[in-house]
Number of protein chains: 2
Amino acid sequence: MSHNVLYAQSGGVTAVINASACGVIETAQRHPEYFGKVFAARDGILGILREELYDLSGVSPAEIAALRHTPGGAFGSCRADLGEPDTHPAQYERLLDVIQAHDIGTFIYNGGGGSMLTAAKVARFARARNLDLTVIGVPKTIDNDLPMTDTSPGFGSAAKYIATSVREVARDLAAMSGTSTKVFVLEVMGRHAGWLAAAAGLAFETDDPPLLLLFPERSFNPADFLAALQLRVQHYGCCIVIVAEGLLCADGTFCAQEQTSSTFGHEQLGGMAPQIAAMSRGLGYKTHWAVSDYFQRSARHLASRVDVDQAYACGAAAITYAMAGQSDVMVAIERLSDEPYLWSLGAVPLDDVADVELPVPPAYIRADGYGITDAARRYMQPLIQGEDLPPFRNGLPVFAQLNFELAVKRLPEWGGKP
Amino acid sequence: MSHNVLYAQSGGVTAVINASACGVIETAQRHPEYFGKVFAARDGILGILREELYDLSGVSPAEIAALRHTPGGAFGSCRADLGEPDTHPAQYERLLDVIQAHDIGTFIYNGGGGSMLTAAKVARFARARNLDLTVIGVPKTIDNDLPMTDTSPGFGSAAKYIATSVREVARDLAAMSGTSTKVFVLEVMGRHAGWLAAAAGLAFETDDPPLLLLFPERSFNPADFLAALQLRVQHYGCCIVIVAEGLLCADGTFCAQEQTSSTFGHEQLGGMAPQIAAMSRGLGYKTHWAVSDYFQRSARHLASRVDVDQAYACGAAAITYAMAGQSDVMVAIERLSDEPYLWSLGAVPLDDVADVELPVPPAYIRADGYGITDAARRYMQPLIQGEDLPPFRNGLPVFAQLNFELAVKRLPEWGGKP
């Protein structure tokens, strides 16, 4: 027994993915009777193929604990995926070599839907080759689009950041609107799912506030939107517009498209805010616009305590599930009640969550398409509860230093591509 | 005696201008032997001309205290200025009528350089007409460009927001840069002064970190910038670029210009981030970009405690100076030492600060033009010290409700324009 653990981070990072890492590492290190060393791959699956594994044995407990309040991906993440075993056999042979060379008994992959597909491929390969490898997925995505889990760690903090920022900016806009700016446009992330746009709805507690949400789940109707905007500005004197980067035009294409290539083959979106702002200016309204981009997923200073707790617990559960003999599953959060928010953890098959994207359900979007419903509030409100500030020193947050050492390589250089 | 106090907010609001309001109101209300009622004009100087004055007598102490942690401008601000007395005499006669109708003995104007000019005009008019009106300015601007004061309330919090956000996003970028995003561009406010760009320099503690600051104080040289960017990406694997909205091209014009009219006659700037991002992509780097816009000045949840304390103290001092018989002055902050940061308040002539804009001094900009010096750190570091979270309820900050009542009008409607 006493095989080693290999943990890796994948996809866009979040404010709390390192809290999951912390949960994995601390829990595994508390059980030397089950686990040998804990390795963390550099840059996700790529680091495994390249045999770049950080050996966390010598890292101080304080430094590991600091991961809990450190945003970003401590070990590097990646936007790269495994091919299929029949078309990319060399990748899998290399994977096998690295796993065996470093005596890996447990592989924990922390990411979103695409990353769970990678984990599922590894698991299928392990089963096909009769390999004694435990594979557990840990959910992560600010997009909140993973199925079979109440939410994904990362979303609650991003939602809290957006709702807080919008609540604050609403005070600014209201103060300026008498003589100056009437409209403020914020572009949020969300390529296919409008959860982060929905989160902005939490900033106000009334039914139809001076706020319009443009969901990727609804095709964009410019004339209808401008009429809705005009109505709010006439009534309230000002209006905030939240636009998801993945807003779709009537023909089903992205309204904004800056660049068509990324390693994943996804378009890199962005630039909706200035477009919507230009439309608003066409109505004669002075308009400001902002784009949150990475801030919404790295703002650890405004993390939701619930989210941090869930992130850590999901990481820790991956280890306890491995100890209990589970494999080929993703840790999932189950909601037991809305208020108080009670939740527990469970395990769902990796194959059932791999590469599935859940949009915001119609019941959460207001009938006119520009707001959220009470059901959406009941769902989201618990996820942003509680604050969990990192330590501040000299006016700024202090994060983990990330002085990790790579384990000595035991294999020849890998020449393949992911 | 016992004349009333009239307070008003002007220009772009900040995360802490209401803390100054709180200082004014609480201090004045503690001295009924000197002051009658406290009024706050709606939308700055415009509210005075329109005789829209909130009577704060009936507002609960708890609601006034809540102003201290409420961003935006509680009474409405304005981007409008008084004309000159000889060209716009009707404005001044109206001002006089409102002041007399509501028995105003003390006028406190809270704003930046343009607003101090308005206050100076009111003061000159009062002196010319032998009016018994005390006029005190309270500094406010995230741009930090007011002269004769160590800093202006609002800047410290905006600086802390930017430095914190950049420190956080640096962790995100570093994690992604192995396989994906190499460059992150943030556009910050700063039309003529690069103080907010400079603040981003605090995010790193090393001399030449993976960070390039594009100051409006330096004319932009695209080729030189791209070479500097390439060098950092090659060395660090990634780089963050901070660009001030007011970046100047070699011909002295703004590189970004979206719309040429505002009430003040200023251009509305914005759109530098996507331009810089496009340049970075030209080098082959996947690039993300963000625009903070109003967030950087309304992020009360990340206010600097020093800034909040100074904002409140400046408001309170305006009242104590009025009691001491001072007038036609702006409250100014004097630095007594860097570390520990010790400061006191003083008064400087309104005429000396009116409409003056101080840029970042050359000694604060690194020789290559893309970073800050130790002197800049020594200056800025004290201003971002300490946290001062607003109360959170149900996951979000709770702000003052702003249920103020307008005083009954005593004059006919005003038909003029500001």
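Heads up, the Cβ atoms here are built off N, Cα and C, so glycines get one too.
Sequence annotations record features per position, and here TrEMBL assigns domain 'Phosphofructokinase' to A:5-300.
The annotation diphosphate binding site is assigned in TrEMBL to A:G12. Of all Cβ atoms in the shown protein chains, 23 besides its own fall within 10 Å of the Cβ of A:G12 (diphosphate binding site).
Per TrEMBL, site 'Important for catalytic activity' is recorded for A:K140. Sequence-distant neighbours of A:K140 (site 'Important for catalytic activity') (same chain, 6+ apart, CB under 8 A from its CB) are A:Q9, A:G11, A:V13, A:T14, A:I17, A:S20, A:N110, A:G111, A:G112, A:S115, A:S152, A:P153, A:G154, A:A311. Reduced to three states, the DSSP call for A:K140 (site 'Important for catalytic activity') is coil.
Per TrEMBL, substrate binding site is recorded for A:T141, A:I142, A:D143, A:M189, A:G190, A:R191, A:E245, A:Y294, A:F295, A:Q296, A:R297. Taking Cβ-Cβ distances under 8 Å and a sequence gap of 6 or more within the same chain, the neighbours of A:T141 (substrate binding site) are A:G11, A:G12, A:T14, A:G111, A:G112, A:G113, A:S152, A:G154, A:F155.
The feature active site, proton acceptor is assigned by TrEMBL to A:D143. Its Cβ taken as reference, A:D143 (substrate binding site) is surrounded by 28 other Cβ atoms within 10 Å in the chains shown.
All protein chains considered, the CB of A:F295 (substrate binding site) has 26 other CB atoms within 10 Å.
Under 8 angstroms separates the C-beta of A:G12, A:F295 from a C-beta of chain B, among the recorded positions A:G12, A:K140, A:T141, A:G190, A:F295. Largest Cα-to-Cα span within the substrate-binding set A:T141, A:I142, A:D143, A:M189, A:G190, A:R191, A:E245, A:Y294, A:F295, A:Q296, A:R297: 16 Å. For the binding-site residues A:G190, A:E245, the greatest number of Cβ atoms within 10 Å around a candidate Cβ is found at A:G190.
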